[in-house]
Amino acid sequence: MARLGVNIDHVATIRQARRGREPDPVWAAAAAELGGADVITLHLREDRRHIQDRDLRILRETVQVKLNLEMAATEEMVAIALEVRPDKATLVPERREEITTEGGLDIVGNRTRIEETTKQLREGGIEVSHFIDPVTEQVDASRATGADAVELHTGAYANAIDSESIDKEFRALVQAANVARTLELTLHLGHGLNYVNTTRVLAIPEIDELNIGHSIVSRAVFVGMTQAVREMKEIIVRG
């Protein structure tokens, strides 16, 4: 059964709207764990638009499940990761003008930098995943640059409207998943998954982990974080 990683970034987004103290993503992580989260995921962006350094440091001390840090492949973020030592680090692309991560990391076009960053993190005892589009060449490049895992960007699948487009994007995920498994990479999926479209991707047998944030936080507004996570966990259990 796939593990559920709960991304708590959007709790911090609400807090930062007022530059206040609440809602605290640390409390959100604890509530998510009570709901059955297997992993707590957070993205410390270079512009600190939502998650702050104090969040990461406190969560490293309080989270009882695995802690997954999404990060850009920069010297600053590598230094922070090596100091805080999350269980896992997922390398993601960043553009200051984007609202959320818009695409996968281009491993093929940035091989030297990604390889060096991956090596530094792994030597520090941190498992490394690359957040990439479901493209065979990128999966191959992730393996070649030393990744332990890949997280396939499910945004195109999640945003597809008509059945033909949905089927096309799903096939791309299946193909990339097959390549990842052949290369003995751990397989994660994430971005845009919700309480409706997650069921179909669970049919991909290679999946080890799903990282889901926005839809869970949105649901939590109405039912609470623990219940929102519990409902998503039930979907995964049913497969």
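Glycine is no exception: its Cβ is also placed from the backbone N, Cα and C atoms.
Going by what TrEMBL states, the 3-amino-2-oxopropyl phosphate site holds N7, R18, G213, H214, and the candidate of G155, G192, G239 recorded there is G192. Counting every protein chain shown, 20 other Cβ atoms lie within 10 Å of the Cβ of H10 (1-deoxy-D-xylulose 5-phosphate binding site).
Of all the recorded positions listed here (D9, E70, E151), it is D9 whose C-beta has the fewest other C-beta atoms within 10 angstroms. Checking Cα-Cα distances from D9 (1-deoxy-D-xylulose 5-phosphate binding site) against the recorded positions (R18, E151, H191, G192) with a 10 Å cut-off leaves nothing; none qualify. Looking at the residues that bind 3-amino-2-oxopropyl phosphate per the record, N7, R18, G192, G213, H214, the two CA atoms farthest apart are separated by 25 Å.
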